[in-house]
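Q: Copied straight from Swiss-Prot:
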- 149-168: compositional bias 'Acidic residues' (COMPBIAS)
- Ala2: N-acetylalanine (MOD_RES)
- Lys17: N6-acetyllysine (MOD_RES)
- Ser37: phosphoserine (MOD_RES)
- Ser44: phosphoserine (MOD_RES)
- Ser60: phosphoserine (MOD_RES)
- Ser86: phosphoserine (MOD_RES)
- Ser106: phosphoserine (MOD_RES)
- Lys117: N6-succinyllysine (MOD_RES)
- Ser119: phosphoserine (MOD_RES)
- Thr129: phosphothreonine (MOD_RES)
- Thr147: phosphothreonine (MOD_RES)
- Ser162: phosphoserine (MOD_RES)
- 113-171: region 'Disordered' (REGION)
Amino acid sequence: MATNFLVHEKIWFDKFKYDDAERKFYEQMNGPVAGSSRQENGASVILRDIARARENIQKSLAGSAGPGASSGPSGDHSELVTRIASLEVENQSLRGVVQDLQQAVSKLEARLSALEKSSPAHRATTPQTQHVSPMRQVEPPSRKAATATEDDEDDDIDLFGSDEEEDKEAARLREERLRQYAEKKAKKPALVAKSSILLDVKPWDDETDMAQLEACVRSVQLDGLVWGSSKLVPVGYGIRKLQIQCVVECRWGRPLERSHQVEEHVQSVDIAAFNKI
């Protein structure tokens with residue numbers, strides 16, 4: 001009962017909360033104003049810098065136009081005159097250098113012509129060296145006489161004499177060597193060239209039995225003929241041709257043209273490829 005009277009008392013216990021909220025509100029309201037003031041201060045600094053730069057530009061323009069502006073076109077004319085004078089001086093110096101070079105070249109040409117004229121006379125005045133042959137040993141007369149007699153004795157001998165016994169022996173040796181050569185050549189096997197041929201065997205029509213056709217082709221047996229692999233290649237309209245490989249010795253022509261066993265099945269035989277082995 002002692003605390004019930006406080007219910008009827010009108011006291012604001014949460015006033016500090018509202019005070020804090022009001023303070024924060026006014027702080028937020030005043031915040032942008034301070035930022036804008038700082039922005040205005042920065043803008044004023046930039047404007048001052050721009051004004052200072054303009055003043056410097058105007059001063060520099062005034063300084064460059066001060067002494068030169070009074071001269072005007074006469075200053076430019078004087079500068080051109082000085083440049084032309086310097087170019088003329090340089091031209092004169094270059095002409096002098098060119099003249100010196102021309103004189104040096106003319107002197108060199110004169111010297112070369114003089115050397116060319118004097119070169120034959122110089123060659124004529126040079127002493128000619130005599131060619132001295134090497135010394136030869138002189139043999140004594142006794143040795144010369146001995147060699148002369150020996151040469152006469154050698155001349156008496158007939159190296160190409162026709163002795164019957166020597167002729168028979170030479171003929172026998174020649175015949176023996178020819179016989180040995182013939183035997184050696186006969187023992188050596190003769191090399192026979194071989195060729196690899198790819199044949200195109202075409203049937204009469206699409207009803208031809210290709211297996212029987214291939215059997216007929218392989219039935220052809222000749223010396224030096226070896227049949228290889230084969231395959232069927234379509235030609236058109238249901239007709240197929242037989243491609244067969246064979247190795248033959250180069251002693252006869254087409255093997256199938258000589259055979260009459262395959263005429264019932266084979267229309268034609270063509271050589272598709274030919275290679276030497």
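Any Cβ shown, glycine's included, is placed from N, Cα and C.
It should be emphasised that the depicted structure is a prediction, and the values quoted were computed from it without experimental measurement.
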Q: Tally every other Cβ atom lying within 10 Å of the Cβ atom of Ser44 (phosphoserine).
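A: A 10 Å sphere around the Cβ of Ser44 (phosphoserine) contains 10 other Cβ atoms.
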Q: Applying a 10 Å Cβ distance cut-off over all chains shown, what neighbour count does Ser119 (phosphoserine) have?
A: 10
Q: Please report the number of other Cβ atoms within 10 Å of the Cβ of the residue listed as 'N6-succinyllysine'.
A: 9
Q: Express the distance between the Cα positions of Ser106 (phosphoserine) and Ser60 (phosphoserine) as a whole number of Å.
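A: For Ser106 (phosphoserine) versus Ser60 (phosphoserine), the Cα atoms are 60 Å apart.
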Q: Sequence gap of 6 or more, Cβ distance under 8 Å: name the residues on the same chain that satisfy this around Lys17 (N6-acetyllysine), in order along the sequence.
A: none
Q: Can you tell me how many other Cβ atoms are located within 10 Å of the Cβ belonging to Ser106 (phosphoserine)?
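A: Ser106 (phosphoserine): 10 neighbouring Cβ atoms within 10 Å.
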Q: Look up Ser86 (phosphoserine) in the DSSP assignment and report helix, strand or coil.
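A: In three-state terms, Ser86 (phosphoserine) counts as helix.
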Q: Among all protein chains shown, how many Cβ atoms are found within 10 Å of the Cβ of Ser60 (phosphoserine), not counting that one?
A: 10
